[in-house]
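Q: Have a look at the structure that comes next, please.
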Amino acid sequence: MLSYLGYFSTSFIIAVLVWPFASALFTLPILAGLYHRYHRLRFMAVAAAYLSVLYVLGLIAFTLYPMPDDPQAFCAAHVGDYAPQLDVWRFVSDLRYGGLSGALQLVFNIVFFVPLGFMLTRWLRWRWWIVVPVGFFVSLCIETSQLTGFWGLYPCAYRQFDVDDLLTNTLGAVAGIGVAKLFGLLVPQSVMPNPDAVNTRPGVIHRTVTFIIDMIFVALVYFPLTLAIVFGFHAIAAPLNDGTFRLFGLITVGIGWLDMIAPISAAAAFLIFELLIPLTHHGQTLAGMFTHMTIETKTRHGAARAAFYAIRSLVLGLLFLVDVVEFGVEATALRSYCMWAAVILFVFGAVTRRMPWDLIPGASPHVPAGKDGGKQAISRM
(Lines of atoms letter the chains of each structure in order from A and count residues from 1; the text may use other names and numbers.)
(Lines give C-alpha, C1' and ligand atoms only; values in the text may rest on other atoms or scores of the structure.)
Protein backbone atom coordinates (compact mmCIF):
# COMPACT_ATOMS: atom_id res chain seq x y z
CA MET A 1 0.00 0.00 0.00
CA LEU A 2 2.78 2.43 0.93
CA SER A 3 4.61 1.71 -2.32
CA TYR A 4 1.41 2.46 -4.24
CA LEU A 5 0.92 5.77 -2.41
CA GLY A 6 4.52 6.65 -3.20
CA TYR A 7 3.57 7.05 -6.87
CA PHE A 8 1.32 9.99 -5.88
CA SER A 9 3.58 11.83 -3.43
CA THR A 10 4.34 15.04 -5.36
CA SER A 11 0.93 15.58 -6.96
CA PHE A 12 -0.82 14.79 -3.66
CA ILE A 13 1.22 17.40 -1.80
CA ILE A 14 0.46 19.97 -4.51
CA ALA A 15 -3.26 19.18 -4.30
CA VAL A 16 -3.29 19.55 -0.50
CA LEU A 17 -1.42 22.87 -0.61
CA VAL A 18 -3.38 24.46 -3.46
CA TRP A 19 -6.80 23.13 -2.45
CA PRO A 20 -7.77 25.64 0.34
CA PHE A 21 -6.38 28.69 -1.49
CA ALA A 22 -8.08 27.81 -4.77
CA SER A 23 -11.30 27.29 -2.81
CA ALA A 24 -11.04 30.79 -1.33
CA LEU A 25 -10.52 32.25 -4.82
CA PHE A 26 -13.52 30.46 -6.31
CA THR A 27 -15.68 31.39 -3.31
CA LEU A 28 -15.49 35.07 -4.33
CA PRO A 29 -18.01 34.94 -7.23
CA ILE A 30 -20.34 32.79 -5.11
CA LEU A 31 -20.30 35.34 -2.30
CA ALA A 32 -20.92 38.11 -4.82
CA GLY A 33 -23.96 36.23 -6.10
CA LEU A 34 -25.23 35.60 -2.56
CA TYR A 35 -24.83 39.26 -1.63
CA HIS A 36 -26.68 40.19 -4.81
CA ARG A 37 -29.49 37.83 -3.84
CA TYR A 38 -29.75 38.41 -0.07
CA HIS A 39 -27.91 41.77 0.36
CA ARG A 40 -26.28 40.55 3.58
CA LEU A 41 -24.99 37.26 4.96
CA ARG A 42 -24.34 35.73 8.33
CA PHE A 43 -20.86 34.44 9.04
CA MET A 44 -22.12 30.87 8.85
CA ALA A 45 -23.44 31.52 5.34
CA VAL A 46 -20.01 32.77 4.27
CA ALA A 47 -18.36 29.74 5.87
CA ALA A 48 -20.88 27.44 4.18
CA ALA A 49 -20.09 28.98 0.79
CA TYR A 50 -16.37 28.40 1.32
CA LEU A 51 -16.89 24.84 2.54
CA SER A 52 -19.08 24.14 -0.49
CA VAL A 53 -16.33 25.22 -2.87
CA LEU A 54 -13.81 23.32 -0.76
CA TYR A 55 -15.95 20.21 -1.14
CA VAL A 56 -16.45 20.56 -4.90
CA LEU A 57 -12.75 21.14 -5.52
CA GLY A 58 -12.04 18.24 -3.19
CA LEU A 59 -14.04 15.99 -5.51
CA ILE A 60 -11.60 16.95 -8.24
CA ALA A 61 -8.43 17.26 -6.17
CA PHE A 62 -8.69 13.87 -4.49
CA THR A 63 -10.53 11.73 -7.04
CA LEU A 64 -8.93 12.90 -10.28
CA TYR A 65 -5.90 15.10 -9.87
CA PRO A 66 -3.41 13.23 -7.67
CA MET A 67 -1.80 11.31 -10.52
CA PRO A 68 1.25 9.05 -10.19
CA ASP A 69 4.40 11.11 -10.58
CA ASP A 70 6.11 8.71 -13.02
CA PRO A 71 3.62 7.66 -15.74
CA GLN A 72 5.93 5.14 -17.43
CA ALA A 73 6.88 3.35 -14.21
CA PHE A 74 3.33 3.30 -12.88
CA CYS A 75 1.70 2.07 -16.09
CA ALA A 76 4.34 -0.64 -16.53
CA ALA A 77 3.90 -1.86 -12.96
CA HIS A 78 0.09 -1.92 -13.04
CA VAL A 79 -0.82 -3.32 -16.44
CA GLY A 80 -4.39 -4.63 -16.24
CA ASP A 81 -4.73 -3.83 -12.53
CA TYR A 82 -7.45 -1.22 -13.12
CA ALA A 83 -9.87 -3.01 -15.41
CA PRO A 84 -13.43 -1.74 -14.84
CA GLN A 85 -15.46 -3.50 -12.14
CA LEU A 86 -18.96 -3.99 -13.64
CA ASP A 87 -20.46 -6.51 -11.20
CA VAL A 88 -23.35 -4.72 -9.49
CA TRP A 89 -23.42 -7.26 -6.62
CA ARG A 90 -19.70 -7.08 -5.90
CA PHE A 91 -20.41 -5.03 -2.78
CA VAL A 92 -22.03 -8.10 -1.18
CA SER A 93 -18.77 -10.04 -1.28
CA ASP A 94 -16.92 -6.92 -0.15
CA LEU A 95 -19.12 -6.81 2.94
CA ARG A 96 -18.82 -10.55 3.58
CA TYR A 97 -15.12 -11.00 3.01
CA GLY A 98 -13.66 -7.50 3.06
CA GLY A 99 -14.04 -7.03 6.80
CA LEU A 100 -14.04 -3.56 8.29
CA SER A 101 -12.14 -2.01 5.37
CA GLY A 102 -14.74 -3.26 2.87
CA ALA A 103 -17.60 -1.86 4.93
CA LEU A 104 -15.84 1.47 5.48
CA GLN A 105 -15.20 1.85 1.75
CA LEU A 106 -18.93 1.55 1.04
CA VAL A 107 -19.82 3.91 3.88
CA PHE A 108 -17.29 6.52 2.75
CA ASN A 109 -18.59 6.34 -0.83
CA ILE A 110 -22.05 7.16 0.52
CA VAL A 111 -20.89 9.88 2.91
CA PHE A 112 -18.74 11.48 0.20
CA PHE A 113 -21.83 12.47 -1.81
CA VAL A 114 -24.12 13.50 1.07
CA PRO A 115 -22.85 17.14 0.91
CA LEU A 116 -23.64 17.26 -2.83
CA GLY A 117 -27.25 16.22 -2.27
CA PHE A 118 -27.52 18.66 0.64
CA MET A 119 -26.12 21.63 -1.30
CA LEU A 120 -28.25 21.10 -4.39
CA THR A 121 -31.40 20.71 -2.29
CA ARG A 122 -30.82 23.36 0.37
CA TRP A 123 -28.95 26.12 -1.40
CA LEU A 124 -29.91 25.73 -5.05
CA ARG A 125 -33.42 24.59 -4.08
CA TRP A 126 -33.49 21.84 -6.70
CA ARG A 127 -36.17 19.15 -6.60
CA TRP A 128 -35.24 15.57 -5.76
CA TRP A 129 -35.88 14.35 -9.30
CA ILE A 130 -33.13 16.70 -10.47
CA VAL A 131 -30.71 16.11 -7.59
CA VAL A 132 -30.69 12.31 -7.92
CA PRO A 133 -29.71 12.14 -11.63
CA VAL A 134 -27.20 14.97 -11.11
CA GLY A 135 -25.57 12.97 -8.30
CA PHE A 136 -25.43 9.91 -10.55
CA PHE A 137 -24.01 11.96 -13.45
CA VAL A 138 -21.28 13.53 -11.29
CA SER A 139 -20.26 10.08 -10.04
CA LEU A 140 -20.30 8.75 -13.61
CA CYS A 141 -18.02 11.59 -14.76
CA ILE A 142 -15.55 10.83 -11.97
CA GLU A 143 -15.55 7.09 -12.62
CA THR A 144 -15.21 7.55 -16.39
CA SER A 145 -12.38 10.03 -15.90
CA GLN A 146 -10.56 7.48 -13.78
CA LEU A 147 -11.17 4.76 -16.38
CA THR A 148 -9.82 6.88 -19.24
CA GLY A 149 -6.79 8.29 -17.42
CA PHE A 150 -8.51 11.65 -17.01
CA TRP A 151 -9.72 11.59 -20.62
CA GLY A 152 -6.32 10.75 -22.07
CA LEU A 153 -4.23 13.23 -20.10
CA TYR A 154 -2.62 10.27 -18.35
CA PRO A 155 -1.35 7.31 -20.44
CA CYS A 156 -3.26 4.66 -18.44
CA ALA A 157 -6.00 4.24 -15.87
CA TYR A 158 -4.66 5.05 -12.41
CA ARG A 159 -7.87 4.25 -10.52
CA GLN A 160 -10.60 1.69 -11.07
CA PHE A 161 -14.02 2.30 -12.60
CA ASP A 162 -16.41 0.62 -10.14
CA VAL A 163 -20.13 0.35 -10.84
CA ASP A 164 -20.78 -0.03 -7.10
CA ASP A 165 -19.28 3.43 -6.60
CA LEU A 166 -21.98 4.80 -8.92
CA LEU A 167 -24.68 3.21 -6.76
CA THR A 168 -23.24 4.21 -3.39
CA ASN A 169 -22.44 7.76 -4.53
CA THR A 170 -25.99 8.20 -5.83
CA LEU A 171 -27.31 6.80 -2.56
CA GLY A 172 -25.23 9.42 -0.78
CA ALA A 173 -26.85 12.18 -2.84
CA VAL A 174 -30.28 10.79 -1.88
CA ALA A 175 -29.24 10.82 1.78
CA GLY A 176 -28.15 14.43 1.33
CA ILE A 177 -31.66 15.31 0.17
CA GLY A 178 -33.04 13.84 3.39
CA VAL A 179 -30.52 15.72 5.51
CA ALA A 180 -31.43 18.99 3.74
CA LYS A 181 -35.14 18.42 4.38
CA LEU A 182 -34.54 17.72 8.09
CA PHE A 183 -32.24 20.74 8.36
CA GLY A 184 -34.94 22.89 6.74
CA LEU A 185 -37.33 21.99 9.57
CA LEU A 186 -34.85 23.33 12.11
CA VAL A 187 -33.55 26.31 10.12
CA PRO A 188 -36.11 27.67 7.62
CA GLN A 189 -34.72 29.23 4.46
CA SER A 190 -34.50 33.00 4.22
CA VAL A 191 -37.19 35.01 2.51
CA MET A 192 -36.12 37.04 -0.50
CA PRO A 193 -35.37 40.70 0.32
CA ASN A 194 -36.76 43.81 -1.29
CA PRO A 195 -34.76 44.17 -4.54
CA ASP A 196 -34.41 47.93 -3.88
CA ALA A 197 -33.01 47.54 -0.36
CA VAL A 198 -29.38 48.53 0.21
CA ASN A 199 -27.17 47.36 3.06
CA THR A 200 -26.14 50.52 4.91
CA ARG A 201 -23.97 48.67 7.44
CA PRO A 202 -21.99 46.17 5.39
CA GLY A 203 -19.69 43.82 7.23
CA VAL A 204 -16.02 43.47 6.46
CA ILE A 205 -16.51 40.44 4.20
CA HIS A 206 -19.22 42.24 2.23
CA ARG A 207 -16.90 45.22 1.83
CA THR A 208 -13.95 43.01 0.85
CA VAL A 209 -15.87 41.06 -1.79
CA THR A 210 -17.23 44.28 -3.26
CA PHE A 211 -13.82 45.98 -3.27
CA ILE A 212 -12.14 43.02 -4.99
CA ILE A 213 -14.78 43.06 -7.73
CA ASP A 214 -14.25 46.80 -8.16
CA MET A 215 -10.51 46.24 -8.46
CA ILE A 216 -11.15 43.69 -11.19
CA PHE A 217 -13.07 46.39 -13.06
CA VAL A 218 -10.19 48.82 -12.49
CA ALA A 219 -7.69 46.31 -13.88
CA LEU A 220 -9.91 45.65 -16.90
CA VAL A 221 -9.73 49.36 -17.68
CA TYR A 222 -6.17 50.41 -16.89
CA PHE A 223 -4.34 47.31 -18.17
CA PRO A 224 -5.71 47.37 -21.76
CA LEU A 225 -5.39 51.17 -21.78
CA THR A 226 -1.72 50.95 -20.78
CA LEU A 227 -0.99 48.34 -23.43
CA ALA A 228 -2.81 50.37 -26.07
CA ILE A 229 -0.76 53.50 -25.31
CA VAL A 230 2.57 51.63 -25.24
CA PHE A 231 1.92 49.68 -28.44
CA GLY A 232 0.45 52.76 -30.09
CA PHE A 233 3.57 54.77 -29.27
CA HIS A 234 5.89 52.13 -30.73
CA ALA A 235 3.69 51.89 -33.82
CA ILE A 236 3.83 55.58 -34.71
CA ALA A 237 7.25 56.56 -33.31
CA ALA A 238 10.46 55.98 -35.28
CA PRO A 239 13.39 54.59 -33.23
CA LEU A 240 16.70 56.47 -33.42
CA ASN A 241 20.24 55.16 -32.93
CA ASP A 242 20.67 56.87 -29.56
CA GLY A 243 17.69 55.02 -28.06
CA THR A 244 15.24 57.88 -28.42
CA PHE A 245 12.22 58.08 -30.72
CA ARG A 246 11.05 60.65 -33.25
CA LEU A 247 7.33 61.28 -32.99
CA PHE A 248 5.42 62.48 -36.08
CA GLY A 249 8.79 63.38 -37.60
CA LEU A 250 8.90 66.50 -35.43
CA ILE A 251 9.62 65.71 -31.78
CA THR A 252 12.38 63.60 -30.27
CA VAL A 253 11.35 61.84 -27.06
CA GLY A 254 12.76 59.16 -24.78
CA ILE A 255 10.88 56.21 -23.36
CA GLY A 256 11.18 57.00 -19.66
CA TRP A 257 7.74 58.57 -19.64
CA LEU A 258 6.22 55.21 -20.62
CA ASP A 259 7.01 53.95 -17.11
CA MET A 260 4.39 56.34 -15.76
CA ILE A 261 1.59 55.19 -18.05
CA ALA A 262 0.59 52.23 -15.86
CA PRO A 263 0.40 54.12 -12.53
CA ILE A 264 -1.34 57.11 -14.10
CA SER A 265 -3.96 55.03 -15.90
CA ALA A 266 -4.38 52.84 -12.80
CA ALA A 267 -4.88 55.89 -10.59
CA ALA A 268 -7.38 57.37 -13.05
CA ALA A 269 -9.34 54.12 -13.24
CA PHE A 270 -9.28 53.78 -9.45
CA LEU A 271 -10.63 57.29 -8.95
CA ILE A 272 -13.40 56.68 -11.47
CA PHE A 273 -14.58 53.45 -9.83
CA GLU A 274 -13.90 54.31 -6.18
CA LEU A 275 -14.53 58.08 -6.10
CA LEU A 276 -16.54 59.41 -9.03
CA ILE A 277 -19.09 56.58 -9.29
CA PRO A 278 -19.92 56.29 -5.55
CA LEU A 279 -19.86 60.07 -5.16
CA THR A 280 -22.62 60.40 -7.74
CA HIS A 281 -24.55 57.21 -6.83
CA HIS A 282 -25.28 57.54 -3.10
CA GLY A 283 -22.10 55.76 -2.03
CA GLN A 284 -22.53 52.75 -4.30
CA THR A 285 -19.63 51.64 -6.44
CA LEU A 286 -20.28 49.57 -9.55
CA ALA A 287 -19.75 46.36 -7.57
CA GLY A 288 -21.74 47.83 -4.68
CA MET A 289 -24.74 48.19 -6.97
CA PHE A 290 -24.50 44.46 -7.66
CA THR A 291 -23.96 43.37 -4.06
CA HIS A 292 -26.48 45.94 -2.72
CA MET A 293 -24.24 47.89 -0.35
CA THR A 294 -23.17 51.50 0.10
CA ILE A 295 -19.86 52.75 1.44
CA GLU A 296 -21.63 55.78 2.98
CA THR A 297 -22.91 54.43 6.29
CA LYS A 298 -23.96 57.92 7.39
CA THR A 299 -25.44 60.94 5.67
CA ARG A 300 -22.75 63.59 5.32
CA HIS A 301 -22.65 66.92 3.54
CA GLY A 302 -20.06 69.50 2.61
CA ALA A 303 -16.67 69.23 4.30
CA ALA A 304 -17.57 66.02 6.16
CA ARG A 305 -18.46 64.19 2.95
CA ALA A 306 -15.37 65.56 1.21
CA ALA A 307 -13.16 64.38 4.09
CA PHE A 308 -14.81 60.94 4.02
CA TYR A 309 -14.06 60.40 0.33
CA ALA A 310 -10.61 61.99 0.53
CA ILE A 311 -9.42 59.74 3.37
CA ARG A 312 -10.97 56.59 1.89
CA SER A 313 -9.58 57.26 -1.59
CA LEU A 314 -6.12 58.10 -0.23
CA VAL A 315 -5.79 55.01 1.98
CA LEU A 316 -7.25 52.45 -0.43
CA GLY A 317 -5.66 54.15 -3.43
CA LEU A 318 -2.17 53.89 -1.92
CA LEU A 319 -2.70 50.24 -1.04
CA PHE A 320 -3.79 49.59 -4.62
CA LEU A 321 -1.08 51.62 -6.38
CA VAL A 322 1.77 50.00 -4.45
CA ASP A 323 0.88 46.77 -6.23
CA VAL A 324 0.89 48.53 -9.61
CA VAL A 325 3.93 50.81 -9.41
CA GLU A 326 7.49 49.43 -9.22
CA PHE A 327 9.60 51.12 -6.53
CA GLY A 328 12.89 49.39 -7.21
CA VAL A 329 14.61 47.86 -4.21
CA GLU A 330 11.97 49.29 -1.86
CA ALA A 331 9.10 47.51 -3.62
CA THR A 332 9.20 44.41 -1.39
CA ALA A 333 9.27 46.44 1.82
CA LEU A 334 6.44 48.71 0.66
CA ARG A 335 4.28 45.75 -0.32
CA SER A 336 4.95 44.19 3.07
CA TYR A 337 3.86 47.36 4.87
CA CYS A 338 0.75 47.59 2.71
CA MET A 339 -0.10 43.96 3.40
CA TRP A 340 0.01 44.59 7.14
CA ALA A 341 -2.02 47.78 6.70
CA ALA A 342 -4.66 45.79 4.82
CA VAL A 343 -4.71 43.17 7.60
CA ILE A 344 -5.16 45.89 10.22
CA LEU A 345 -8.03 47.42 8.23
CA PHE A 346 -9.67 44.00 7.89
CA VAL A 347 -9.40 43.26 11.62
CA PHE A 348 -10.67 46.76 12.47
CA GLY A 349 -13.65 46.24 10.18
CA ALA A 350 -14.36 42.76 11.56
CA VAL A 351 -14.38 44.03 15.16
CA THR A 352 -16.20 47.35 14.69
CA ARG A 353 -18.25 46.66 11.52
CA ARG A 354 -16.93 49.92 10.09
CA MET A 355 -13.83 51.41 8.50
CA PRO A 356 -11.77 54.24 10.04
CA TRP A 357 -13.26 56.79 7.63
CA ASP A 358 -16.73 55.81 8.82
CA LEU A 359 -15.86 57.52 12.12
CA ILE A 360 -16.23 60.92 10.43
CA PRO A 361 -19.39 62.43 11.97
CA GLY A 362 -22.65 62.22 10.07
CA ALA A 363 -26.38 61.82 10.49
CA SER A 364 -28.41 58.60 10.68
CA PRO A 365 -27.45 55.66 8.41
CA HIS A 366 -27.51 56.72 4.80
CA VAL A 367 -30.15 55.03 2.63
CA PRO A 368 -29.94 55.64 -1.13
CA ALA A 369 -33.09 56.83 -2.79
CA GLY A 370 -35.14 53.72 -3.40
CA LYS A 371 -38.75 52.82 -3.77
CA ASP A 372 -39.46 51.86 -0.17
CA GLY A 373 -36.32 50.52 1.49
CA GLY A 374 -37.95 47.36 2.70
CA LYS A 375 -36.85 44.78 5.21
CA GLN A 376 -33.65 43.02 4.31
CA ALA A 377 -33.24 39.30 4.49
CA ILE A 378 -30.19 37.67 6.00
CA SER A 379 -29.14 34.47 4.37
CA ARG A 380 -28.75 31.53 6.73
CA MET A 381 -28.01 29.18 3.82
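Backbone N, Cα and C atoms are what each Cβ position is placed from, and that goes for glycine too.
Pulled these features from TrEMBL for this protein:
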type	residues	note
DOMAIN	53-183	domain 'VanZ-like'
DOMAIN	202-360	domain 'RDD'
TRANSMEM	12-31	transmembrane segment
TRANSMEM	43-65	transmembrane segment
TRANSMEM	102-121	transmembrane segment
TRANSMEM	128-154	transmembrane segment
TRANSMEM	166-187	transmembrane segment
TRANSMEM	208-237	transmembrane segment
TRANSMEM	257-281	transmembrane segment
TRANSMEM	302-322	transmembrane segment
TRANSMEM	334-351	transmembrane segment
Q: Go through the chain and flag residues at least 6 beyond the ends of the transmembrane segment (43-65) whose CB is under 8 A from any CB in it; none is fine as an answer.
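A: Distant contacts of the transmembrane segment (43-65): 11, 15-16, 18-20, 22-24, 26-27, 30-31, 34, 115-116, 119, 123, 138, 142, 145-146, 150, 159, 205, 379-381.
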Q: Taking residues 6+ outside the transmembrane segment (166-187), which of them lie with a CB under 8 Å of any CB in it?
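A: Hits for the transmembrane segment (166-187): 88, 91, 106, 109-122, 128, 131-132, 134-136, 138-140, 142-143, 380.
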Q: Among 12-31, 128-154, 208-237, 302-322, 334-351, which stretch has the most Cβ pairs under 8 Å to the transmembrane segment (102-121)?
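A: Stretch with maximum Cβ contacts: 128-154.
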Q: Can you name the far-off residues of the same chain, 6+ from the ends of the transmembrane segment (12-31), with a Cβ under 8 Å from a Cβ of it?
A: 5, 41, 46, 49-50, 52-54, 57-58, 61-62, 65-66, 205, 209, 212-213
Q: Within the same chain, where does the transmembrane segment (334-351) have neighbours whose Cβ lies under 8 angstroms from its own Cβ atoms, ignoring anything closer than 6 residues to its ends? I mean 6 or more beyond.
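A: For the transmembrane segment (334-351), the far contacts come to 203-204, 207-208, 315, 318-319, 322-323, 327.
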